[in-house]
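Database features, via TrEMBL:
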- 1-386: domain 'Major facilitator superfamily (MFS) profile' (DOMAIN)
- 24-47: transmembrane segment (TRANSMEM)
- 59-78: transmembrane segment (TRANSMEM)
- 84-110: transmembrane segment (TRANSMEM)
- 122-144: transmembrane segment (TRANSMEM)
- 150-168: transmembrane segment (TRANSMEM)
- 257-280: transmembrane segment (TRANSMEM)
- 300-324: transmembrane segment (TRANSMEM)
Amino acid sequence: MFMVVPAITDVTMAALCPGQDECSFAIFLSGFQQAIIGLGTLVMMPLVGNLSDKYGRKALLSVPMGLAIIPLATLAYSRSRYFFYAYYVLRTLTAMVCEGSVHCLALAYVADSVPEGLRASAFGILSGIGSSAFVCGTLSTRFLSTASTFQVSASVAIVALVYMRVFLQDSIVDGNLSTPILSSGKTKVDAIGNSSKKVQIFKTMPSLEDMLCLLKSSVTLSRAAVVAFFINLSDHGLNSSLMYYLKARFHFNKNQFADLMVISGIAGTISQLLLMPILAPALGEARLLSIGLFFTCAHMFLYSIAWSFWVPYAAAMLSILFVFSQPCMRTIVSKQVGTSEQGKAQGCISGIGSFANVVSPLVFSPLTDDSLDSKYHDKGGPSHFK
């Protein structure tokens, strides 16, 4: 998935506004997609997390990892306007289940296996591995054509799904449940048994009241939820508008986007794999979270006042410190609940992040379009990468 991030802006612009560096329609369409995905994941994240507590992480991981292949395969076949619209619809529908699910379930899986005292370091290492995948994916984009980028990405997604199904050890928290959702063997179950299992599945679906009760059960958990909302609100706002801003301001293309992501990814990987296991035990998750939030603000502020093409590269380097935010916040959340509720808690926090996904485009899409129209429309920003 990371491979296509630098290329998707160019594909979107080529399909919707050929030959242009600024496109209001693309900005609003991306914002609309983000809002719809946010609404879907707001419902799905707590559900996926809760079901994983009953049926195991591996069974639930199969669903988002399988669905994520479909939109990638669409653009791997063609990037014409009609195929882009097909990708847009498929991506919107599948992302309601896929967006954040793999990360949420991976965190719950790690929490199942790692003692509380080591979770901050373990979550940091997990995020570091994700950052290294991000680096490899975006770096490969520099050496692949747009068509090859989507083809390779779809192929890697298939390999990841097969690897997970074959090699990952299952984690079923509820020992009373004998049959997972995805069963490789045939079992003889009577009609009454099937009916009771369907009822049991629906009972595991968390309501809004269940989520509120979970949040009210701990003051720390409630505060972490507030932090999660604002972190995701700002992150999604930045991510949805940054590439359009840089394309209009400095005429960046997929190669420069990939460079920025590689710099940010390498800095984040080094930080999470090397610094966080040392700093987390020494400073504690709360202090490290404060450091991460401070440098998140500094990182966004630098982008906002970028006066030259090199400033975004300097801002990307700050990821060596702002990447502490998410692992520390997730560690704090994991310590507030027992082993049998890790999926529910992580899913709840992911659902709150999804709600921020809904709010973010309502705020940032009009601001981005207005800013680009007033500053760069028909003026042509400084070009350094033609």
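Cβ from N, Cα, C; glycine included.
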Legend entry - Range from 24-47, 59-78, 122-144, 150-168, 300-324 with most C-beta pairs under 8 A to the transmembrane segment (257-280): 122-144
Legend entry - Candidate ranges 24-47, 122-144, 150-168, 300-324 - greatest C-beta contact count to the transmembrane segment (59-78) (under 8 angstroms): 150-168
Legend entry - Beyond the flanks of the transmembrane segment (300-324) by at least 6 residues, Cβ under 8 Å: 124, 127, 131, 234, 238, 242, 245-246, 249-250, 259-261, 263-265, 267-268, 270-272, 275-276, 279, 288-289, 291-293, 382, 384-385
Inset, instruction - Average the pLDDT scores across the domain 'Major facilitator superfamily (MFS) profile' (1-386) and report the rounded value. - result: 79
